[in-house]
There are 4 protein chains.
Amino acid sequence: MSGNTFGRSFCVTSFGESHGIAIGCVVDGCPPELELTEADLQPDLDRRKPGTSKYVTQRKEDDVVRILSGVFEGRTTGTPIALLIENKDQRSYDYEKIKQTFRPNHADYAYVQKYGVRDHRGGGRSSARETAVRVAAGGIAKKWLRQKFGIEVRGYVAQIGPLELALKDWSAVERNPFFCADPSRVPELEQFIDSLRSEGDSVGARVSVVASNMPVGLGEPVFDRLDAELAHALMGINAVKGVEIGDGMRVAGLRGTEHRDQMTPQGFLSNHSGGISGGISTGQDLVCSIAIKPTSSITTPGKSIDEEGKAVDMRTTGRHDPCVGIRAVPIAEAMVALVLMDHALRHRAQNADVVADTPRIPGSAA
Amino acid sequence: MSGNTFGRSFCVTSFGESHGIAIGCVVDGCPPELELTEADLQPDLDRRKPGTSKYVTQRKEDDVVRILSGVFEGRTTGTPIALLIENKDQRSYDYEKIKQTFRPNHADYAYVQKYGVRDHRGGGRSSARETAVRVAAGGIAKKWLRQKFGIEVRGYVAQIGPLELALKDWSAVERNPFFCADPSRVPELEQFIDSLRSEGDSVGARVSVVASNMPVGLGEPVFDRLDAELAHALMGINAVKGVEIGDGMRVAGLRGTEHRDQMTPQGFLSNHSGGISGGISTGQDLVCSIAIKPTSSITTPGKSIDEEGKAVDMRTTGRHDPCVGIRAVPIAEAMVALVLMDHALRHRAQNADVVADTPRIPGSAA
Amino acid sequence: MSGNTFGRSFCVTSFGESHGIAIGCVVDGCPPELELTEADLQPDLDRRKPGTSKYVTQRKEDDVVRILSGVFEGRTTGTPIALLIENKDQRSYDYEKIKQTFRPNHADYAYVQKYGVRDHRGGGRSSARETAVRVAAGGIAKKWLRQKFGIEVRGYVAQIGPLELALKDWSAVERNPFFCADPSRVPELEQFIDSLRSEGDSVGARVSVVASNMPVGLGEPVFDRLDAELAHALMGINAVKGVEIGDGMRVAGLRGTEHRDQMTPQGFLSNHSGGISGGISTGQDLVCSIAIKPTSSITTPGKSIDEEGKAVDMRTTGRHDPCVGIRAVPIAEAMVALVLMDHALRHRAQNADVVADTPRIPGSAA
Amino acid sequence: MSGNTFGRSFCVTSFGESHGIAIGCVVDGCPPELELTEADLQPDLDRRKPGTSKYVTQRKEDDVVRILSGVFEGRTTGTPIALLIENKDQRSYDYEKIKQTFRPNHADYAYVQKYGVRDHRGGGRSSARETAVRVAAGGIAKKWLRQKFGIEVRGYVAQIGPLELALKDWSAVERNPFFCADPSRVPELEQFIDSLRSEGDSVGARVSVVASNMPVGLGEPVFDRLDAELAHALMGINAVKGVEIGDGMRVAGLRGTEHRDQMTPQGFLSNHSGGISGGISTGQDLVCSIAIKPTSSITTPGKSIDEEGKAVDMRTTGRHDPCVGIRAVPIAEAMVALVLMDHALRHRAQNADVVADTPRIPGSAA
């Protein structure tokens, strides 16, 4: 299998190239009788789409999603839900000049070696544009998780380059173009991104996602642990180079007495583990983070090669984000939601009859 | 599917509990005509097994692997290879006292909530003992990768608690009980682990794995990117809380001009990306790291609950590692090897006929 | 997984309802550099589509397929190929009258029990209209199999009700509306179908498919034998109730001395086994057959129930085929092609390096 | 994937060769808290095992199954259940003489072409001995289906060569060596098999399986229809060449007025469809049949080739069944049970919340 399907019980099969006719996906396994219209999915697409502020790429994409199947009279029927996003902005002349060359740190070179051929227009299949369909599919999962369990999956930008950004206020996230949860930092970010753009450079970012109101018991014990599947989902987002659950890489420096999340009948005393123990959700908030590399599509020239293997100097023009990590927030939320929904369905396949004698203790987001 | 199978073309299905009759796995998809005996697999099992030094748990497990099928007259036949490791040390009296309670930060509580029942002896299925079978299966992949491509998959401990440990000499790794690649640091590590044990505490660690002589083109473009599958594999190791490819989480703080790996006809000028671009291997060294949390099986008492949900004070006795991360090196190597072999087979299913016109440039481990 | 994906290395994910906006599929795993346009797929769709003669349903469906992705400059790129067929004829008023009732021997009753809801328009997802996308996807497989191995996958109608129809002339199949390979029988068939329609009745059929120029070695030994996967594929076609390989059900009455296909250096002496031995192709012609039940959408009234479980008399009007088996020929060919292509790719994943010392003997279609 | 795993939610991964150390499987996905011991599985293994009467092969195999994991204190824990059957009778000298030759109609020739190598001892992986592990795994499914739904899965031999055998009395099946449900025919069968053996010949058979007390709603609509998965499972049994659901191949000759299963509030009026409509169970008895070819392991010499492709005369000696179909009854039951359990779990993953308004009507075994 060529890896364009995600999930086992709730399966998303993605297709489409950046500058082709359309991108889209088929969502298989959604339970019937969920109320669903395009209006449920469009808001997250709008959060991800380019051109919404001067701090992200100025490419214009409407990203209007249509539901082609699987919904009848406003409710899911249990059959596959096909989602389609037509590519309005297919002009590829921007890319003619890079047709014969490989952009450094892009998939171009590896694609040609792997397939012998590539669709050079805007990166084709390797373009982050493909993530729009994940956001759309994730919207279905988000809605189902909310209705079924009350789960909320929310993300924010926790770091842009050298600037670490605290989670102060969830409601602030949607009110600035940086998905920043600390409104006091927004002017500083505006200035930083402006200066980057004028320098012809880009910068990395860190995004965190939190799922609250988690049920206990999601995840399978060995290979398909909940954290392992989250890592699969999140590392599969374009430009992501690191994934953390809870304290993440910092645990390498911690002691057992610091890290262990002690339990009391009133709940957990801490959440260093990010809501997962032994690969299974504990009922605490699920907390995970990703690091997104700085895009190498920058105007500062760099060394590269062409299709014949000869040296070239490469300078990306066109309409690019100075910090691609910003728009990764809805994508990361979507991937987390897809994993949770898949595991919720898998869990009940095997364990629908289970009644645990031990009472569930409250989770703790601390 | 309950998640005990890993891989799509090269599939490992794991079974067994820590204190049951045996642990083992079935490896499906190995190409025929690979020379294989137990002697190919035992060395990595011996590297992982407990009781080899006073710095790791003193539990005695022989971890002797037997090949039950799939090999005829010393060569694989293309049929499933079953591997079996009998549990010699099944005494479970150590665990009787924790039968009614949940160890904090272990899978105990989540298992009971998920399944209604658990095998409390040594953690049952959630025990790190299960990873022995991954090491055995990984040994098959390592051998095939070496013979087919010359790939070497090697790991070392890059950090223990506050101590960062550089990669100075691969040959040193096998000559100290810490998998440390800098022999000058070994006395310091001995002292540190000794003091931890006397304090009744534990510590986290970071392990890095490098695969050299990589072919270009492994990995699938969207969900099953090579890095995404590595993240799945590595985050699925017990106690791992973070996974990094190349520069990992540090990319959040980098600029595009710093991070991009420029290409020349003579090769890549750097390897910040860890050998993967757009989810596909570039031919550079594959570099990845994991953070392993400090075990909460420590003698310093902690708060927990029992099966009725009542508060208890918990103090783990028994034979535990003060730093479980040390023994994770062969496990991480094995998981990387399983991913690479799976992707090598998947790649040729689709792309066996491809001939790329562009010459391959040399990789760079820099 | 809800079962809308077929194949493991060459995967088809189907979506769409009979009277929805569109039907379609995503084909994942096609090797790159295959020349492909819609014109390669349309002919088989035209063979399947209704309204082509007075002997099949008079419903008008254009069944025009569009390729949305995965093809660039006339060649496949190795990325997912999305195929879309818009539903032009969405009038559902014919179905308003059956909205509250269940047609006997249709999926209606089972759907409502399973999902709590159904799209009653034309059967929704259970309609044979969905098979158009399998025909389109199968067209890709047919082309690749022909180019790679010279395999030809061809079917014909071998029985309509009481009339058994011999394979006399492949070229005749496309020249009559019954896919009959014996042109002398066509007038008899015309008369028979005419009389059926006037009687308000329907009839079953048997379809045979032959794949010639088969390579030896396709198929996996145990669960995913080539015959087992063909059975999966063919029994999954609407209204199919039996699947046979080679001599099929008749083997129950045969002796070993009659059935065994003896081998000589010049080839096999017979092909009772239909080209598969031990689940693996032998290089002989692959031969399989299916039985398609008579549709219960007939004008002769029958007993049924409504959505409240009350008795009703049911008489299907609308535009139905008196023998749905006739149009099953291209569908069966497509499913056989999908299985063969999937197994060809799976085979080379594991066995690309195999060189058999034993010479291949010629197959025999006898 | 090399096809040694069956099922998606209830997964069986098989391993082992006929004359290797052991055969066995891993069963993943069994719900927790099912009471299970080896004594639940042994009876079906004893029904299948050779040497039980003079009418089947005289090879001695104890087929004693051991549960290695997944069961704790007599109950399943939700973790993988490994089953092991050691091969006691590993003498392979019988096979030395056929080492260099290919038995006609066996997998030998195809294996060598596919893998370049084969384990010639008793057919290795292609031996019907492997089906013992399916019988063992099926025993788990049978027990769960019985406890959860009251489903009984039972089979009988419906035809041996020219002799058709009616279903007269289920209780008779276990009281004769032919799994014959009509005790009056037993003497005739004894005589027939005796004469076959003395003639050095073999004969085919037909086996039917019935599952009663079926729930409505099992099966997925398109590719993974319940009948399609049954066909996959049953055609995957060694030597099976045809699979039928309900009336099977006979539907090709029927009319709609004859075949349709009319519904009334009191139940279905017939069961031509074998309990499946649109790929989904209707609640009627599930009825399916398979045809098993006559073994070509007979003492009457036949033409074949050796490993160098030269002509040889082949005469199988050794201990073979004159009618391998007889012992297929417990295998077919097991495969049906595996499919039903897999679909029961898949069904509740997606549809656990569904409440159908329409009352369920009684099934009909008629």
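Residue 1 is the first one shown; counting continues down the chain.
The backbone N, Cα and C atoms fix where each Cβ goes, glycine too.
From a predicted model like this one, the values you see are computed outputs, not experimental measurements.
Features as listed in TrEMBL:
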BINDING   D:Arg48, D:Lys54  NADP(+) binding site
BINDING   D:Arg125, D:Ser126, D:Ser127, D:Asn238, D:Ala239, D:Gly278, D:Lys293, D:Pro294, D:Thr295, D:Ser296, D:Ser297, D:Arg319  FMN binding site
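Checking the binding-site residues D:Arg48, D:Arg125, D:Ser127, D:Ala239, D:Lys293, D:Thr295 against chain B with a Cβ-Cβ cut-off under 8 Å leaves D:Arg125, in sequence order. Nearest neighbour of D:Lys54 (NADP(+) binding site) by Cα distance, taken over the binding-site residues D:Arg125, D:Ala239, D:Thr295: D:Thr295. Following the DSSP three-state reduction, the secondary structure of D:Lys293 (FMN binding site) is coil. Long-range Cβ proximity for D:Lys293 (FMN binding site), meaning a same-chain Cβ under 8 A and a gap of 6 or more residues, is found for D:Asn105, D:Gly204, D:Ala239, D:Val240, D:Lys241. Across the fold, the C-alpha of D:Thr295 (FMN binding site) and the C-alpha of D:Arg48 (NADP(+) binding site) stand 17 Å from each other. Listed binding-site residues: D:Arg48, D:Lys54, D:Arg125; maximum Cβ neighbour count within 10 Å falls on D:Arg125. Using a Cβ-Cβ cut-off of under 8 Å to chain C, the binding-site residues D:Arg48, D:Lys54, D:Arg125, D:Lys293, D:Thr295 reduce to D:Arg125, D:Lys293, D:Thr295. Shown in sequence order, D:Glu17, D:Ser18, D:Asn238 are the residues of the chain, 6+ apart in sequence, with a C-beta less than 8 angstroms from the C-beta of D:Ser127 (FMN binding site). The distance from the Cα of D:Arg125 (FMN binding site) to the Cα of D:Arg48 (NADP(+) binding site) comes to 18 Å. Secondary structure from DSSP puts D:Ala239 (FMN binding site) in coil. Around D:Thr295 (FMN binding site), a 10 Å sphere centred on its CB holds 27 further CB atoms from the protein chains shown. A 10 Å cutoff on Cβ-Cβ distances gives D:Ala239 (FMN binding site) a total of 21 other Cβ atoms nearby, all chains included. According to DSSP, D:Arg48 (NADP(+) binding site) is assigned to a helical segment. Recorded residues D:Ser297 (FMN binding site) and D:Arg48 (NADP(+) binding site) have their alpha carbons 19 Å apart, per Cα-Cα distance. Every protein chain shown contributes to the tally, and the Cβ of D:Ser297 (FMN binding site) ends up with 25 other Cβ atoms within 10 Å.
Under the three-state DSSP scheme, D:Arg125 (FMN binding site) falls in the helix class. Under the DSSP three-state reduction, D:Lys54 (NADP(+) binding site) is assigned to coil, being neither helix nor strand.
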